[in-house]
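Here's the structure, in structure tokens; my notes come after.
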Amino acid sequence: MKNVGPEAPADATYDVIVIGAGPIGQNVAARARAGGLSVAVVERELVGGECSYWACVPSKAMLRPVVAVAEARRLDGAREAVSGSVDAPGVFRRRDRYVSDWDDSGQAQALGDMGAHLVRGHGRVDGPRRVSVATPDETIVLLAAVHAVVVCTGSRAAVPDMPGIAEARVWTNRTATDTSSVPARLAIIGGGPVGVEMATAWQGLGSAVTLIAREARVLPQFEEFAGDLVGASLKDAGVDVRHNTTVTSMRRPSPSGPVTLLLDDHTEVEADEVLVAVGRVPLTGDIGLNTIGLTPGSWLDVDDTCRVRGVEGGWLYAAGDVNHRALLTHQGKYQARIVGNAIAAQAAGRALDTSLWGRHAASADIHALPQVVFSDPEVATVGLSAEQARRDGRKIRVVDVDMSSAVMGARLYADDYQGQARMVLDSATDRVLGMTFVGSGVTELLHSATVAVAGQVPVSRLWHAVPPFPTISEVWLRLLETLQAGEQE
Ligand SMILES: Cc1cc2nc3c(=O)[nH]c(=O)nc-3n(C[C@H](O)[C@H](O)[C@H](O)COP(=O)(O)OP(=O)(O)OC[C@H]3O[C@@H](n4cnc5c(N)ncnc54)[C@H](O)[C@@H]3O)c2cc1C
Ligand SMILES: NC(=O)c1ccc[n+]([C@@H]2O[C@H](COP(=O)([O-])OP(=O)(O)OC[C@H]3O[C@@H](n4cnc5c(N)ncnc54)[C@H](O)[C@@H]3O)[C@@H](O)[C@H]2O)c1
């Protein structure tokens, strides 16, 4: 946990002060340093943040062996080679390797190597352009004399207030990704990406999982067929999926005994552990927002350059989860590049380009947001779903392709391939507004769709983008053919 990097300046004054060294804070620092600015980064826990140690990285390290085994079991000839169950200790060792045993010295060193000054401690805004840092030994004050303070403090798991929850000692994403023993029965509350990915992982590791989803299908924020296919597959894997219900109370009468959950349909679920996966809350409750007239505990409201609205002088920025534009690492890092570039441009006296798709506007947050859920089958989506586009009042055409029958590459990828793709087109411009793929192996397909959406590629040009045979990418051709057949009817 030692500090690395350049010596602190004697007057503690920097061009840019970043609070929070998750992936987003690290990227803001990198862009600001690339722009020639001096940077201090304040981190109270591990450099690398939630993503590196308790979210994206460990969860994907745990999921991959589980999904690889499930995929092998779906291939004639390979199935016979998979005789046993997933080796949970081996999976935990793999995860521990990817999180460097929760040691951040490598990432701290990388900050130092880029010339940023790492300050270990809890950071709080302390009036305009000032940040106080409570270190283990003292409180120090850092000044961003001319330029900016960037809040990148991220989020933590929301834990609902309900009777018995304190005694139940529920798991959050932290426990779900750093535990090295497999509970015999795991109840998961919430059918969003965390609930679905962790149900996939822990069922595969040997737990009997019950997934309690409030809506009619899991992954309710995506196209309906995504939730239908993933929900059916979870059930096939043995997960007990309960829909349209939630937990009203829980009790764990003995600290070493089981937990009983009472559901609002008056049924009960008994489990050995309970994971709460019902969304996130911003880490802004104790970062001094009151000293500049903002509300502690709120998401930070920003413009397209990620500058916080309502702060006199425009010196405060917020990027990543904390601004609630997109709770995804890659998208927060995109915001970080925009923030860092904007601060560096202003420091050099250059004008900002904040027009749509301009260098200093996070336009993709709104128009081309990509996300992958690493379930089995995978869900990969970018831009608008059909429902979102209709809600926006757009006139659209929707093209669907059943990947289980129409795409030779998919059929070769897995026997009895289950998958579907949807393209949402703007009727007026014939440009792609959104794409969703569900199926094995679709995650690596997503960037083709992201390029089409962000690049506003018209359908007439997509015909010239030829997918190799026999790959899953041939789904693009099937989508175009289906569209054309519909036009000729
Ligand atoms: C289980 C799970 C799986 C996920 N999987 C994916 C995925 O596969 N892909 C994806 O794109 N996204 C995924 N996400 C979302 C992703 O983790 C977040 O979007 C990402 O971590 C946000 O990065 P951040 O830098 O904004 O915040 P964080 O990663 O939370 O980092 C914030 C940092 O700020 C520090 N901090 C907070 N307050 C202070 C303070 N006052 N002073 C000093 N330091 C402070 C924290 O200690 C932390 O290090 C997942 C989330 C979860 C929960
Ligand atoms: N692969 C990825 O990209 C990935 C993976 C995991 C998480 N994440 C991100 O992290 C964030 C958090 O994910 P999440 O799944 O915790 O949140 P979420 O908000 O996406 O989903 C939570 C789900 O829980 C439900 N819910 C809320 N309160 C409930 C209650 N009391 N009882 C039952 N259900 C309830 C919600 O209706 C929702 O369906 C998301 O923004 C997500 O995109 C991304």
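Note: Cβ is positioned from N, Cα and C throughout, glycine not excepted.
TrEMBL does not curate its annotations; it predicts them automatically.
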Pick the one from G106, G112, G279 that TrEMBL also lists for the NAD(+) site with G190, G191, G192, P193, V194, G195, V196, E197. G279
Can you match one of G90, G123, G293, G349 to the FAD site that TrEMBL gives for K60, T153, G154, S155, D321? G123
Residues that sit under 8 angstroms from G192 (NAD(+) binding site) by C-beta distance, when 6+ apart in the chain: V218, L219, P220, Q221, A277, V278, G279
Can you list which of these binding-site residues (G190, G192, V196, G279, D321) have a Cβ closer than 6 Å to ligand 1? D321
Which of the three DSSP-derived classes (helix, strand, coil) applies to G190 (NAD(+) binding site)? coil
Long-range Cβ environment of V196 (NAD(+) binding site), under 8 Å and at least 6 residues apart: L211, V218, L219, V230, L234, V373, S375
What's the CA-CA gap between G154 (FAD binding site) and G190 (NAD(+) binding site) in angstrom, rounded? 20
